[in-house]
Each structure stands twice: as C-alpha cells, then as structure tokens.
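Taking it in order: structure first as structure tokens, then the write-up.
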Amino acid sequence: MPRAPALLFSCLLGLCALVPRLPGLNICTSGSATSCEECLLIHPKCAWCFKEDFGSLRSVTSRCDLKANLIRNGCGVEFESPASSTQVLRSLPLSSKGSSPAGSDVIQLTPQEVTVTLRPGDRTAFQLQVRQVEDYPVDLYYLMDLSLSMKDDLENIRSLGTKLAEEMRKLTSNFRLGFGSFVDKNISPFSYTAPRYQTNPCIGYKLFPNCVPSFGFRHLLPLTDRVDSFNEEVRKQRVSRNRDAPEGGFDAVLQAAVCKEKIGWRKDALHLLVFTTDDVPHIALDGKLGGLVQPHDGQCHLNEANEYTASNQMDYPSLALLGEKLAENNINLIFAVTKNHYMLYKNFTALIPGTTVEILHGDSKNILQLIINAYNSIRSKVELSVWDQPEDLNLFFTATCQDGVSYPGQRKCEGLKIGDTASFEVSVEARSCPSKHVQHTFTLRPVGFRDSLEVGVTYNCRCGCSAGLEPDSARCSSNGTYVCGLCECNPGYLGTRCECQEGESQSGYQNLCREAEGKPLCSGRGQCSCNQCSCFESEFGKIYGSFCECDNFSCARNKGVLCSGHGECHCGECKCHAGYIGDNCNCSTDISTCQARDGHICSDRGHCVCGQCQCTEPGAFGETCEKCPTCPDACSTKRDCVECLLLHSGSSADNQTCQNLCKDEVITRVDTIVKDDQEAVLCFYKTAKDCVMMFTYSELPSGKSNLTVLREPECGTAPSAMTILLAVVGSILLTGFALLVIWKLLVTIHDRREFAKFQSERSRARYEMASNPLYRKPISTHTVDFTFNKFNKSYNGTVD
C-alpha cells in the first residue's frame, strides 16, 4: 500500500520523460525556440543544431529537436545537448570510533564536498552516508528552572553530577558537564517588583518565606570533566519566586546555545542541552505585557559575571529563532518536563529540529534515567537538514536505513545502533536558469552533527557554440551577428540572412507568411515584411513564432495566475516546472505533504494526488487520512503477526507464513510491558487458554512497525471445585436474603403509607354537641302562682 503512491509518481515521471518522443507531441519543435538558449530551456531532451547549412533556411525552429532527430536529419555532431552532472570534490572515509583526544579526525558524514552542474529540468543525483560513531565525545549542559515550585527538585539533584558521569562513561570515554539556571524576567507582571520584594520576593509566603531575588539566566558552571564542581555548584543554589506561572526558560536556552565560548561547547562533540521545568514557557510577544517591544536579536548577552543582561530589554525569543540557533550550533535540546505539560513540549519538538521530550517526575528523581533515555534516542536516529537552499532548486531524498530498504521521500532513519550507517540518495533539479551567471551553494547537515556536505551548484544554461559568435558577419549580409548556426539581425533588418529591411514587402511571396492556405497573414498578429512575419507587440506579453502563432500569455490559469505560477507559457501550452504537472501546472508531484506522522503515505488509507491525500478507505478522513473511527484498529492488524511468530497459535504457524505476516515489523520480546509509554499503543487480547497477551506498537519513520511483545502471556490460576461450590451456595443464600430484605422493606413502606393516610383522615373529622330526645332528667321544675289571702300576702316561687 505505501509503495503505490511512489509507484504512481514514478510512472508519471516516466510518462513526462516520454512526451517529447510521442507523435504529434514533440515539445522541442512546438516550442518555437529562436535561439540555442531558448531551446535548451524547453525540455532536457531537446538539442540545438548549430551546423550552418542545416534544415530549412526559412525555419529557425527546425534546429531545435530531439537529438536523435537532429542526427537523422544530417546535423552530425554539431549540436548542443548538455546534461546535468555530479562531481565529488572531497570524500574522506567514515570513522568507526570517536575516541581520539582532539576528535578532529572523526568523520561521521561522507562525502564532504560535491559540485553539481544542472541543466534546467534535468535531474542529477549523489549519495551520502552518515554514521553514529562509537565513543563520540559528549558535552551536556544542565539548564534548571529555579522557581519556587522546583525546590524539591533542587534537593534531589545535588549528587546528580557523580551519578550522571558514571552512567555516561559507560557510553563515552570523553564526557563533560555544565550547569545554568533561570527564573524569569525581573519586571512586572512576570516578577514581584515592589521595593519590599527586591531582596526577598518570598516575603509573606508562609510555606517558604526566604528566597533569592528573581533573575533571567545565570551561567554557573562551564562545561568541565570535574563532576565534583557540578555537585558543589548545585549545592550553592537557592530557589527564587516569580509572579505568573510561565517561566523565562527560552531566554536561557538561547543564551546557552549562542554563547559558545562562555559555555565551552567543543567543536567535535555531541552537544546536549537538558532543559528541566515544571511549567510552560514564555514565548515571543509575551514580553509586550511588560513593555518589551524589541524582538530578540539572537545574540549572546552574558556579562563578566555570566548573567543575562538583556533580560529586561528584549522580548522572549520565538520558536523559529530557537530552532535556527540550536541548529547553527549543533545542539540537541532535551525537554525534561512534568507530565501535565508533556503534550505542549511534544508539539514544540515538531517545530524545533533535533529536540526530544521526556516526562520528569514531580521531584526529578528520574532525571538520571531520563537523560540516558534521551541520549539513546538521539543517537538512534539520523535526520538530514538543508541550509541555504536556492529557490529555483528542487531536492528529492531517498533514505536507505539499517534494513537495506529504500524509502523515497524520506530523509530520516530511526532505530539505528551505534556504528550503523544510514545512506541517502539526494537528487537535485533546477527549475530555471538564474538571471545572472552565478554559482550557488547549499549545505546538507544531519541534525545535531558537526559534519556537513557542501554542495556547489552551477547552471548549464549557455550554449558552447555562443563562444564563436561573429558580429556583423558576412553570413548575415553584414547586418547581424552569426551565432550557433543562425543570424541575429540588427534592429531594422529581417530574414534568415538579415537581407531585408523592415517595411519591405513582396506581395507575390506573402503566402510564405501564412501558416496554411486561407489563414490570415502572420495569424493576424503581425506584419509580413521581406516574406517574414514581424510580430506586433502586446501589452499582455510576447507574440512570437514563424507565423506569429504563439504567445506567452494565452495559457490556462488557476485562480487568475498563469500556469498557477509553476510553469512557463509556451505557444498556448503550460510547460510546468519540475515537480508540477497538469494543464495549468496546479498539480504537485511532491508526496512529502501526504506523509503522515508515522511515515506512511496517506496513513496507508488513500492515494497522494497533486500533493493532497484522497482517502480510499471507507470512513477515513483528515489531511493525511489519519482519522478513521471505523477502520480496523492496529491492535487487530498486528495480532496475527504476534500470534504466529511468538505464540505459534495462528492457523498457519510455519516460518514462511510468519515471515509474510511480519515483513513490516521489528519485534522485541520483553518480560514486562511499559503500559504508560506515550509513544506506543498498548494492545492486549485473550488467548485460547484464557490467558492475556499484551504488546505495544509504534510506527517508525521507515514505515515499519516496532512491536514490543511479552515473552509469555499472563495466565491466572484456575479456582478449586470447593471454591466454586461455596461461591454458588453463597450467592444463592445472599440472593434469597436480599429478596427478603426487599420484601420487608416494601411491606413496611406500604404500612407506613396506610397509617399516615388514616391519621390524615382522622385529623380532618369534626363533631357537634346534641341531646337524646328520649332522655328525661330525673328532676322536674314547676312554677306555682298563689296568694295568701288571710295575711293579705302573695307568694310566687318554686315548689319541689
């Protein structure tokens, strides 16, 4: 699958190479070249015949044709057809070890100097080899964040120098160590600037009330092989305090990179810059918050006390400036950052070449192993970088890594061991000729290496026959210059021999100015003089051709741009620059833009067409078809290989089948799997014996998969029969008890609801007082009214 786009690209290039030979499509004769130089620019297969009596005296364009056609038509050997070429000027052999005292004779790249002579459109190639030699000197500068949050980290690295030197001497016999620290710019709002904080910014901070004033960067220890000096310098350090969360570490990184003499970087050594912090960095434009509008100048600003003096004068450096200065000084930057900021710094590594990132524990206890891992990672890969590439050059790379397989479009090899050699084929192609006859130079350098390859470029744009030009030649009626087999007439003269003056006309021969019978004279865009067309001038461009039938402005456009800006218009047809095809040259043949992060073209889920991925896998999308929720996951696709080769549990476990299944895998067997590896995907599946098999996979830039597999699957012990019986009985009893509890709970809830309802109805009842009509009281009361006449008295009372 990944070879398909490359094969398609090769076929397209092959088709383009055959175009001049196809009938009716001879680009050389249809280009209407009127001089040798114009002919050579049309196509690298075109040649110019400078034989005096060759071809039609009327047709100049017949001299520009394919070389085979010119020879067949009688040109002989009098033709110009230069080809691109390569010459190796200096090629010292690669070294095997780097343990010499001075290291000056250590060669890690060959050749060292090459010159290429280029004809536009004609590609030439050369090979270069890179080797990570054994026992190469190492300079390591430890740059530490000394803000208050790093207090516990400072305690844990006080003896780092001794331990680090012991481990590094297992890898190289020539190791040096340096130390520097940083906090942030000592201006508001980055630091506490009130007078009471000038000597102690920790005043009022209960957890740690005493610390040193804030500072930008301090270079504390030049690179030295005395590790006790490192330990002693670390013990002297005290933390400081800044106001905001981000730190000013990138100021320190830039100074450590450009102050070569102060730091003590050796010319012939591997340069490692370890950057430790627990927070995010300030970057360019952040300084404007503090009134710093001057961009960083990328220069060294350390005073006699080795303190950064421009901290409060210039803005923070940009990522582009950092990458440029680190690359100029061959420095590999190692970000040692806490886990919560890992992804941010991981994104930085894509913008700063030669940079790696490792996860630092909160107390820096893993810093030793972190540095060793980063060193091994750096030494296991080689990546080419290009410096000062001329704008009119195209470069094409093909990498051949340790597996011996060629990978077109790749300029990086990973998974190398010390002593392995990576080979690269570099093809160079000129798109056009420079306006002036100049020689360009560009440099190829592996990232982080001192060694480089200087490539000189000369352009083969002039014809050798031009050296024999004859001004006012008798061959040109003394009215022009004879050069390369034809006459270049002086102003006012026309004709193949400059025998006529402009304005002269012979009506009997005007048909010589017609392209075909019935066609207008000079295609209606010129004047027939001396039986030859003199083309009009146009504000849109140039009109040319024997019959003024051609121009350089009537070609297809893309978004209003002629030939998309990637080609030249010749006689109504776009002649595309190298690297572009199509009617309007809008289709790029560069497949690097289709390369996914894993190194595969369109993530193996599509084709690269005109520099863009067209996803063919159902459900795949993204710029490189990297997203595909419905695609079979990689764990499933790698399982057959793991089963067949390591577990022998596949349906066909013979060696040949396993080799076919695992042809694109690099397999490592281990006893334990690292489950929190940020660079790999953790996979696991259940075997036929109910065991769990785990493995991790990651993609190498070469296109292969790196599989790390357990030696044996993890199997649990089978439970006994008594355990199963007790579990079943216990579950039954527990279920019954649970059901009883639920039933009792439901009954209780129901009773409580009924009682509450009764109480509610009872409280709403009302009663009135009444008497029984059948009830009579035992006591009756009567009223008697009588008069005692005898005494003349009366009595009105009650008698019981």
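Note: Cβ is positioned from N, Cα and C throughout, glycine not excepted.
When you check Swiss-Prot, the disulphide partner of Cys594 from the set Cys576, Cys608, Cys610 turns out to be Cys608.
When Swiss-Prot records Ser149, Asp152, Asp153 as binding Ca(2+) 1, the matching candidate from Gly362, Gly404, Gly409, Gly415 it lists for that site is Gly362. Annotated Mg(2+) binding in Swiss-Prot involves Ser147, Ser149 plus, out of the candidates Glu52, Glu233, Glu247, the residue Glu247. For the Ca(2+) 2 site that Swiss-Prot gives as Asn242, Asp244, Pro246, Glu247, the extra residue drawn from Asp184, Asp297, Asp315 is Asp184. Swiss-Prot names the disulfide partner of Cys476 among Cys463, Cys465, Cys487 as Cys487.
Note: Swiss-Prot links Cys202 through a disulfide bond to Cys211 (candidates: Cys211, Cys259). DSSP classifies Cys36 (disulfide bond) as helix under the three-state reduction. Counted within 10 Å of its Cβ, the other Cβ atoms near Cys644 (disulfide bond) come to 22, all protein chains included.
Cβ atoms under 8 Å from those of the transmembrane segment (723-743) belong to no residue of the same chain, restricted to positions at least 6 beyond its ends. Note: the domain 'I-EGF 3' (550-586) comprises 3 helix, 16 strand, 18 coil (DSSP; helix = H, G, I, strand = E, B).
Cα separation, Cys461 (disulfide bond) to Cys36 (disulfide bond), rounded: 10 Å. Between the listed disulfide-bonded residues, namely Cys489, Cys574, Cys613, Cys625, the fewest other CB atoms within 10 angstroms of a CB are found at Cys489. Looking just at the domain 'I-EGF 3' (550-586), the mean pLDDT is 84.
Closest in space to Cys36 (disulfide bond), of the disulfide-bonded residues given as Cys300, Cys433, Cys615, Cys625, Cys691, is Cys433, taking the CA atom of each residue.
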